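Notes for the one structure printed next.
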Amino acid sequence: MSTERRASSNPMTNEENAMFLDILHEAPLFGHRKSRSLVGSYLYMLLLAGYAILAAGAPWMFHRVQQLTPSLLCCCDVALLVVTGVFQQYFVYQVQKIRLQGYYSFSQKLKHVVRLPFAIAAYGTAAMLLVIVWRPQIHILSISSLQRIIMLVEAVGAGFFMGLYIGYVHQYNSVNSRPDVLKSLYSPLQPSSSMEGLRYYEGRLSDQQTALLQYQRENLHFLSEEILCLQEKLSKYEQSDDGSTPQVDLAHLLAARDQELRTLSAEMNQLQSELRLARSLIAERDAEVQRVNSTNNQYIEENERLRAILSEWSMRAANLERALEVERMSNSELQKEVASTRRKQMLETTTSEQP
């Protein structure tokens with residue numbers, strides 16, 4: 001029966017739906033949404049990195065006071081707990097700012113994440129206390145080793161959740177959607193099934209309505225400031241129009257606008273002169289490039305001509321080498337013939353001289 005009553009109350013005209021849906025386009029704070037700073041998160045991450053380095057290098061850092069190493073590590077752990085508590089208050093303040101900006105889902109995600117580093121530090125401090133109390137009965141590892149392990153686990157766990165926080169805040173800074181808290185204004189007015197209608201009876205609806213009221217209060221505060229500023233300006237201009245006060249503000253405003261216009265015109269003239277100078281320099285560079293290209297073409301033609309001459313002289317040298325080789329061969333043949341004729345003459349003279 002309750003489902004039927006809800007179903008009978010759901011049908012609405014398009015005009016009535018649009019009356020509530022138009023609220024999405026009437027969020028003044030959306031155009032003035034401020035990004036959340038991550039400087040504190042990065043500082044806390046650097047602190048955790050230094051804490052992890054201290055835990056890893058404690059035997060070398062405290063080698064001169066080894067008997068005081070457990071006490072010093074406990075002091076460092078307590079200091080981390082205190083600093084984490086301070087940073088947690090800062091992170092909770094940032095999450096509240098995100099909630100007041102109308103981003104309910106981001107604030108719900110971050111609300112649980114920002115408290116986990118302090119919880120991890122508190123659990124680590126409790127574990128450190130148990131190690132100190134049960135020191136006589138612990139024989140597996142040394143006390144300093146157990147303390148260093150606890151410190152490393154604290155640093156890694158807190159760093160992991162702080163990385164999640166940084167990722168969510170970075171996503172919030174880069175998001176460009178409307179505030180999701182406004183959905184609670186019109187979502188119950190839309191037709192829904194019986195199972196979907198049950199979600200409005202959860203405790204989350206009251207939290208969403210509270211966030212919506214806070215967001216609307218911020219919108220009203222912002223609009224009040226804008227209205228006061230506009231009323232102040234209007235009163236100044238009305239007084240100047242009545243003649244009760246001179247139009248000093250208007251004249252000052254016009255003079256300021258005139259000065260800005262002159263400044264802009266001077267900057268524009270300077271930019272135009274610089275542009276003309278740049279164009280002249282570009283023209284000179286183009287002419288120089290053309291001259292270099294023409295000179296390069298001449299060098300290429302001269303190189304081609306020299307290559308042709310070199311090839312011609314190479315052919316001539318080859319012909320001369322061949323002719324020289326032929327001449328050498330003919331000369332060697334002549335020398336052989338001369339030698340043979342001399343031997344014949346010597347033989348003839350020797351035969352003629354014999355009786």
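Here the Cβ of each residue, glycine as well, is placed from N, Cα and C on the backbone.
For reference, Swiss-Prot has these:
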TRANSMEM  42-62  transmembrane segment
TRANSMEM  72-92  transmembrane segment
TRANSMEM  113-133  transmembrane segment
TRANSMEM  149-169  transmembrane segment
COILED    220-337  coiled coil
COMPBIAS  331-340  compositional bias 'Basic and acidic residues'
REGION    331-355  region 'Disordered'
Query: For the transmembrane segment (72-92), what are the same-chain contacts with Cβ under 8 Å, counting residues 6+ beyond its ends?
result: 40-41, 44, 47, 51, 54-55, 58, 62, 65, 110, 114-115, 117-118, 121-122, 124-125, 128, 132, 144, 147-148, 150-151, 154, 158, 165
Field: Residues of the parent chain within Cβ reach of the transmembrane segment (149-169), under 8 Å, 6 or more residues beyond its termini
entry: 36, 38, 41-42, 44-45, 48-49, 51-52, 54-56, 73, 76-77, 80, 84, 91, 94, 98, 106, 109-110, 113-114, 116-117, 120-121, 124, 127-128, 131, 141
Message: Could you give me three numbers for the compositional bias 'Basic and acidic residues' (331-340), the DSSP helix, strand and coil residue counts?
response: 10 helix, 0 strand, 0 coil
